[in-house]
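What TrEMBL says about this one:
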{"type": "TRANSMEM", "residues": "B:30-48", "note": "transmembrane segment"}
{"type": "TRANSMEM", "residues": "B:60-80", "note": "transmembrane segment"}
{"type": "TRANSMEM", "residues": "B:86-104", "note": "transmembrane segment"}
{"type": "TRANSMEM", "residues": "B:111-130", "note": "transmembrane segment"}
{"type": "TRANSMEM", "residues": "B:136-155", "note": "transmembrane segment"}
{"type": "TRANSMEM", "residues": "B:176-199", "note": "transmembrane segment"}
{"type": "TRANSMEM", "residues": "B:230-252", "note": "transmembrane segment"}
{"type": "TRANSMEM", "residues": "B:264-297", "note": "transmembrane segment"}
{"type": "TRANSMEM", "residues": "B:309-327", "note": "transmembrane segment"}
Amino acid sequence: MTDALLVELRGITKSFGPVRSLRGVDLTLRRGEVLGLVGDNGAGKSTLMKVLAGAVQHDDGEIRVRGRAVRFANPSDARAEKIGIVYQDLALCDTIDVAGNLFLGREPRRGPFIDRTTMHAEAARILAELDVKVASTHQEIGTLSGGQRQTVAIARAVSFAPDVLILDEPTAALAVAEVESVLRLIGEVAARGVGVILITHRLQDLFRVCHRITVMYEGTSVDDVPIGELDIERLVGLITRSEQREASA
Amino acid sequence: MTTTTSTGSPAPTAVRLARPPSLWARTNKATLVMAAVTLLVFVFFSVADADFLTFANVSNLATQVAPTLIVGVAMTFVITAGQIDLSVGSIVAFVSAVCAQLLLAGWDSSVVLLAGLLMGLGWGLVNGWFTAYQGIPAFIVTLASLSVVRGVALLRTEGFSVPIASTTFFARLGEARWLGFSLSAWIGLVVTALGLVLLHHTRFGQYVIGIGAAEESVRRAGVNVRLVKMAALGFSGLAAGVAGILIAARLGSGSANSAQGFELTVIAAVVLGGTSLLGGRGTIVGTLIGAILTGMIANGLTLMSVSPYLTPIITGAVLILVIWINLRGRGIGPLLRRITSRP
C-alpha cells in the first residue's frame, strides 16, 4: 500500500428525480488497499460505485483519479482510466467456455478467425496466476459453481489490468469454501497494487480482507475507519447509527 | 482438486488448464443421437425399397434437401441467437415468383440472380431492423412479414405460376450438374462449410452464441449486439433468396404459392439437429443431419408410394419422438448435471 491517493471522491451528489440518492459522499482509495464500503440497503453504495464506473453520471462533486480530475460520460471512459467493476450478475455467458468468457469482446484472432489455441493458453495463464480453481478453460460457464463463476468474473476484470477494481457483493449466496477462495483472490489482486473497493453485507468478510471501512448512511459517507479500530459490534453500530439515535433520544 | 501452483511453477497448471477435452467430451450428444436415428432411417428405407439406395435417388435426395439445408444453416444462427425467422418460406416464394417475372420482362439472368439475392437479403434486413433496433420480438416481426411478403408476391402474380424459359441461363442453373450432383446440392455443401467456420471459428459466431445465452453480458463486453442480431436475420433472408432462386430454376417456374410451410421444415431440421430453441447452443453439423433426416423421410415415403398426406404426420411424429429421446438420453451422468445447472 502506498500513500499516494489512487481515487478521491469529494462531495459527490446524485438525484434521480426528487430522490436524492447521494447527498455529498467523500471516499479515498490507495494502491494495494482493500476498502470495504458498507451501509444499509438504500444507503447509496451501488449508486456511488456506478458513478465511479461511469454507468451513472453524478450531478455535483469531484472525481480525481491519480490526482487528476475526471468526469465519466460512459463506462468506457471509466475503463480508459483503468477502473473495472464486477456487477452482482457477473455478465457471463453460460453456454460459452471459460476462455471464451474471459476474452468475450476481445478474442485473439488470426486473420478473420478466433485463435482458440492462443485464447485458451492465455486464459489458462491468467487463471493459473490468480490460482482460480477450474478444471479446464474448455469448461462451459454454466457447469461451474457460483464461487467458480465469481472468480472467473473477477479474473476477467483483472485481466484488463485495472488500477481500481470494484466488487459488488462478490460473496453473496456462496458456500463457505467458495467464499474463502473469493476472499483469497481479492487479497491476491490487492497485493498486485490494485485498489479494491468491496461492497458486501457479510461483515465478517470485511475483517478478513479489508484495510479500511467507509460507512454510508442515507446518501452520505459518515465514517472512515481503519479496520484495526473496529469489531463487529461497533461496525454494526456504525451502519445502523444506533449510537446517534440513542444519544438523540 | 490438486494444483501445482508452488512458487515459480505456474506453467504446468496453465498447460493442464488449457488442454483440450477429448473428442467424446466435445461432441454434442443430441447431434450424435440424431446421427444414429438418421442412420437407422437410412438403413430402413434401403431395405424397404430397392429404389432408395441408388445413385440416382441419393443424388435426387441431395437436391431435395439442399433448400432446407441452405436456409437451415442460416436459421441455425438465428435460433442460436435466441431469435426465430418464420418468414423464410414466404421469402422463398417471393424471390422465385419475382425472379420469374423479371425474366419474363426480359431482364438478363445475371441481373435477375443479383436481384434475387438482394431481395432476400433486403427482406431479412427489414426483419432484422425491426427486431434488433426497434425491440419487437422476432417471432412477431417475422410472423407479420410471413404474411406481408407472400401477400406482395401473390398481389404481383395474382396467384399464377410464372414460367421461366428453358433457354435462359437462369433455367439452365436448375439442370447444371457436377459429378452427378446438382448445383443446389453443391451450394448446400458450400453453405454448410461456410456456416461451420462462421459459427465456430469467428467472433461473429461467438457473439451469436453469447447473445443467445445472455445478451446483456455480450453488450457489456462492448459488442454491438443489435448489429449481430440484424446480421443473423439478414443471413436467413439471404439464404431464403438463394433457396428461392434454386427452386425456381429447378422447377422452371416461379410461384407465389410455393414453399408453403417451408419455415416449419427448416426449423424442425435445425431443432432435430440439436440446436437449442432457447438459444445459446447451435450446431451446423446437427442442422445438416436434421435436414437430411427430414428430407429422407419425405423421399423414402414417396418411393414407398405412401399417401403424400402421411408425410407431414410422420415428420411431425419423428420430431417429437426424437426430441423426447434426446431429453431421456441426456439424463445420464455428467449430461444430467450439464442440463440441470442451466437456469
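Cβ from N, Cα, C; glycine included.
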Long-range neighbours of the transmembrane segment (B:230-252), counting only residues six or more past its ends (CB under 8 A): 63, 66-67, 70-71, 73-75, 77-78, 81, 83, 85, 87-89, 91-97, 99-100, 113, 116-129, 131-133, 138, 142, 163-164, 166, 170-174, 182-184, 187, 191, 204, 208, 258-259
Top partner of the transmembrane segment (B:60-80) among B:30-48, B:264-297, B:309-327 - counted as Cβ pairs under 8 Å: B:264-297
Contacting positions for the transmembrane segment (B:309-327) when only residues 6+ beyond its ends and CB under 8 Å are counted: 30, 33-34, 37, 261, 265, 268, 271-272, 274, 293-294, 297-298, 301-302
Cβ contacts under 8 Å made by the transmembrane segment (B:264-297) with residues that lie 6+ beyond its boundaries: 28, 30-31, 34-35, 37-38, 41-42, 45, 61, 64-65, 68-69, 71-73, 75-77, 79-84, 88-89, 192, 195-196, 199-200, 208-214, 311, 314-315, 318-319, 322-323, 326
Maximum Cβ pairs under 8 Å to the transmembrane segment (B:111-130) - stretch from the list B:30-48, B:86-104, B:176-199: B:86-104
Tertiary contacts of the transmembrane segment (B:86-104), as residues 6+ beyond its ends and Cβ separation under 8 Å: 67, 71, 75, 111-113, 115-116, 119-120, 123-124, 127, 139, 142-143, 145-150, 152-153, 156-157, 162-165, 168, 170, 236-237, 239-241, 243-245, 247-248, 251, 253-264, 266
